[in-house]
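In what follows, a single structure is set out as structure tokens and then discussed.
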Amino acid sequence: MSESNLSSFISTNYFNLRSAANSSNSISKPSTKKSIRNQKSPTNISSWALKKKTLQIAETTWENNEKDSTHSHYLMTGSMASRTATSLSRYSTNASLLGPSIDCVLCCIYEVPRDISTRIGLCIINCNTGQMYLSDFMDSQIYIRVVHKLQIYQPTEILIPSSSLAPTVSKLATMIKFNVAETVKIEEGSRKCFNSQDGLAAITKYLMDDTKKDLKIEEIIDKTFALCAASAAISYMEEIISKSSRNLNAFRKLRIQFEGTENTMLIDSKTVRGLELVENKLDKNGISLWKFLDTTSTKMGQRSLRNSILQPLTDRGSIEMRLEALEELKANDDLLQKLRLEMKSLPDLDKLFSRLLCINHSAIKPDQRINYVLLLKETLQSVKSLKDALNDQLIQSRLISETKKIFNNDAIMEIEKLINSCINEDCVWASSAIQLLNQRSYAVKSDSNGLLDVSRQIYKEVKEEFFREVEDLTAKNKINLDHNYDSARGFYLRIKRQEFTDDVATLPDVFISRTIKKNYIECTTLNIIKKNARLKEVMEEILLLSEETVDELLDKIATHISELFMIAEAVAILDLVCSFTYNLKENNYTIPIFTNNLLIRDSRHPLLEKVLKNFVPNTISSTKHSSSLQIITGCNMSGKSVYLKQVALICIMAQMGSGIPALYGSFPVFKRLHARVCNDSMELTSSNFGFEMKEMAYFLDDINTETLLILDELGRGSSIADGFCVSLAVTEHLLRTEATVFLSTHFQDIPKIMSKKPAVSHLHMDAVLLNDNSVKMNYQLTQKSVAIENSGIRVVKKIFNPDIIAEAYNIHSLLKIAKARTENEDSNGVVDQKTINQMKRIHNLVAILKECAGNEKEPLTLGKLKEINSDFIENFEE
């Protein structure tokens, strides 16, 4: 199979096997870039706001639910006539309550352009969920971490200091320009807006009051660059809200979190795109690792999965806590199914709870606050079901035990008591306009307000008068009258057309505002119009009195906001590990362990194994002393690129805390991952080679012993002489860094030269020459390099004219003769190489024995020792 068609093949075939529901999870970004406007520096925050389109945050509107009385009016997509009839779903929650599905994210980046160092302060505010993330770090010369953060959070608007744009555009501003979509607005602010003291004051103001508040302030007090970014971001947000408060959520508190760079793996943006971690390169709706692994039940879990893919864990203890949870859930299938089923009923908790952070609950329209309370109550009941499911089990894993502890928090019962003290317990979701009317009228308990009881009695009397009016009109005019209600007209009359066959003009004059519909004739009377006016007045009084009670209730619930967000985070992590466990069982994955060496037995490509029959697994092995740098050679289309991507994807999955597609997996913890994988669809020229080398020169400085580096076709697109020299020099440098490196190359002399080094291993993708001179690919990695002469010519034999193929063979023969004349074989070199290979096998034996001795799950047995010994003796003399 052609490597260039790999992505499209996976996308086409995989979607034939998997439900199309997952296609809704894709995140698409336009490929074109936005140029930075080199505008005059503003003098204050206000001048920014005059130039920019305000952040788009939809208000929670519910009018559309009540416009057409001939249809069911859903507060959620799906009938909710009773709480137990249909569970809530993350896809069914009405977006008008929880806001738009695409988050509005503000990102403020602070730098000092003239400073030699590349220190960065970052502040990201999610305007839908009320979350703020702060970072302060030293970046590389090409700002890999900044671009990484932009890729993770996908901001809709970016703020940078005016000094980054004038008098000259800084390198950071240029990197931002080329790594965001054209829909992202890039704005500037004056230097005085970036003030660390103002930032600290703003954070103190917006930080939620809980037991960890002082610790959080202490954590960020010396992060001056992050505080500068926070100062400008919060000032900008407040300025925009003050100018357009109707369309924006005015948060009184924010969920503030400082994100260090030491606990997550750094994956540069080109690696993210090349490995197709979150988006397919060829088709934005195509398959990616994120979409493939996404079997989550909630929006929170889905976001957590994406973040885990882009930022795998580097803290070994945290990874092993997730793996421990996988072990427990794997052994308890009933619990796994019950938890996944219960979580499917949950709405987006981050967005739901964030509405309580807004000033005066402005994110919830007054006439919809009862609906919000009902959704909150429904959510807490689902959380209690999760709690009951966990309480019924003897939980051993630390991670699930912690979520169980959070679900047993007394705050849940206290919030339920508060709701039940104000809202009638039999109040449920409405499915029609008249039910909505009754719900608003009777949701609040009668003993909450004396005036409310009086208004309700009047409301009841007016409705009874209307019903009597309908009965009188029916009896007087000998017409079978029906009635209905919608929010625009109030009550009105309906006559079935099949029962009234006469002309509409023959109706008595008392019936006015006649409208002919498909099945009904709709009309009203003057008396009904008067009663509707009276009913509207009474309803306004009821709603006003009810709103006062509900507002007080929301204020009391908001005092438990910290506990509610703890619940949201607990659900997210529980959903994530349940998703990992589901994938583990469905895809026959194994749970990895973490040691000092990389050993993956019979590894499989997680996506390709699902669409290719008889996928050939390969064992991956890398130790520091004998094979830290592995050079892969082989024919074109022999599977080198697939193997290299496979290595990277499996390492990412392991550090996410997920199962892996292999029989066994032992991993070191990598803190950086850089991959440059071949894209055969792109034209390869010397200019591509120059760009490749220039880019590589930048991130070579970012490589250390904890880096995993994947290089596909090192030196591709280059001339033979120059490309070979540079590629060999790069390989030599990579060896000195002691990083874990997997690279493939078309320069056959590189492995010949480098394999004499103790830490270098040369592996080959096996292929067989058949009797008809065609080449059969076995896709199997071997240590024996068997070169098939003219393999490239044989692969394209059926494509070109026979005369061209014959000429190619002739040229190859001439080049082979010329090379033989100049080669000076050194027989001692053969002896030296054999000695080196034997030393490598000794190092490998030591590493394997240490691995087996430290593996508590698979104790070292006599039989296993004999197997290792036999394998070592058999291969030692090769």
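Placement of Cβ uses the backbone N, Cα and C atoms for every residue, glycine included.
Remember, predicted model here, so these are calculated numbers, not experimental data.
Residues or ranges marked as region 'Disordered' by Swiss-Prot: 22-41.
Proximity of Lys640 (ATP binding site) to non-local residues of its own chain (separation of 6 or more, Cβ distance below 8 Å) is seen for Ile632, Thr633, Gly634, Asp712, Glu713, Ser744, Met765, given in sequence order. DSSP assigns Lys640 (ATP binding site) to a helical segment in the three-state reduction. Annotation comment: Swiss-Prot describes Gly634, Cys635, Asn636, Met637, Ser638, Gly639, Lys640, Ser641 as ATP binding site, evidence class sequence analysis.
Within 10 Å of the C-beta of Asn636 (ATP binding site) we count 17 further C-beta atoms, all protein chains included.
Taking Cβ-Cβ distances under 8 Å and a sequence separation of 6 or more, the neighbours of Gly639 (ATP binding site) in its chain are Val616, Met765, Met777, Tyr779.
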